[in-house]
Amino acid sequence: MVSAAGLSGDGKMRGVLLVLLGLLYSSTSCGVQKASVFYGPDPKEGLVSSMEFPWVVSLQDSQYTHLAFGCILSEFWVLSIASAIQNRKDIVVIVGISNMDPSKIAHTEYPVNTIIIHEDFDNNSMSNNIALLKTDTAMHFGNLVQSICFLGRMLHTPPVLQNCWVSGWNPTSATGNHMTMSVLRKIFVKDLDMCPLYKLQKTECGSHTKEETKTACLGDPGSPMMCQLQQFDLWVLRGVLNFGGETCPGLFLYTKVEDYSKWITSKAERAGPPLSSLHHWEKLISFSHHGPNATMTQKTYSDSELGHVGSYLQGQRRTITHSRLGNSSRDSLDVREKDVKESGRSPEASVQPLYYDYYGGEVGEGRIFAGQNRLYQPEEIILVSFVLVFFCSSI
């Protein structure tokens with residue numbers, strides 16, 4: 001017979017283990033892909049598989065015109081850029097966009113009922129170009145739809161990120177002025193040590209490289225910069241593209257998400273539901289004390305390359321063709337880019353943070369990052385095994 005004290009002790013231990021398992025489960029509620037994905041050179045030229053990057057969404061208007069990409073933070077919240085959705089009322093979130101062919105996959109849409117533009121967003125300088133969108137109903141998560149992790153608070157020692165990517169749709173012309181919403185593609189990015197662009201505060205920059213322009217020039221407004229957390233294989237949101245990336249070679253800027261972590265969490269908490277419940281993964285991670293995210297690489301740019309950026313900032317017209325949901329017919333839809341005027345902000349606002357370059361190949365190239373299902377992690381196997389042994393021994 002087991003004593004009451006023994007039962008009490010076993011009950012407490014079982015409770016502690018259940019709490020640990022609860023934290024473990026909640027920590028996998030973001031940044032997890034449901035299948036192992038091969039990263040590196042492959043014959044498919046960077047095609048995104050159906051279960052890869054399930055947090056990337058398309059923001060569209062009531063006529064199903066693509067406005068910008070976005071990134072899922074939770075069942076209700078999507079992060080994107082302010083410049084593409086300002087002064088708009090009717091926006092829908094299209095999920096599972098790895099393949100936009102309606103004959104192959106049905107796409108679910110979620111109407112947006114709340115749009116939060118950063119209060120200090122400047123349409124001239126494009127500073128604070130970030131926005132939150134809340135869906136009317138909770139997005140249903142599955143193999144094709146998941147949330148990505150992001151830092152909900154600033155850390156003294158930043159996490160070590162690796163294997164960074166951006167994604168987008170292929171341009172259908174050599175100039176990149178036209179784009180067909182079809183199969184999503186991806187491009188690897190890496191750090192640079194210098195950038196010729198004028199950068200506002202809380203932005204970073206990167207570029208395409210000449211050698212790989214035969215594939216595609218990706219990176220449209222709102223497209224997330226996605227990186228893996230070293231040793232954990234969790235995907236973390238690094239930034240959202242601001243503008244650029246349409247010409248090859250060419251430069252692009254993106255908004256650094258971690259600098260807006262307080263703004264994101266506070267706005268979501270005020271409007272509800274909050275995002276704090278999704279950040280247990282931060283507590284379980286022992287961050288590395290090594291330097292920046294990745295190896296720094298020098299790169300210089302010619303006047304002709306910088307000219308591509310200038311032409312972009314003067315404004316472009318882009319025609320987007322895609323399949324309307326539930327309809328096999330294709331509509332040709334125009335999206336006119338807004339002209340970017342001269343900045344009214346003081347030059348003192350600029351800083352020199354890190355930057356990224358498309359098509360790098362040092363980290364993650366030619367490797368298989370197994371364990372997108374985090375139950376393959378050694379510490380989790382030990383924990384689960386311990387729980388099973390404990391329960392079996394108490395039967």
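Backbone N, Cα and C define each Cβ position, glycine as well.
Disulfide annotation in Swiss-Prot: CYS227 is bonded to CYS164, selected among CYS71, CYS149, CYS164, CYS392. Of the residues ASN293, ASN327, Swiss-Prot records the annotation N-linked glycosylation site for ASN327. CYS227 (disulfide bond) counts 27 other C-beta atoms within 10 Å of its own C-beta, drawing on all protein chains shown. All chains included, 15 other C-beta atoms sit within 10 angstroms of the C-beta of ASN123 (N-linked glycosylation site).
ASN123 (N-linked glycosylation site) and CYS227 (disulfide bond) have their C-alpha atoms 28 Å apart, to the nearest angstrom.
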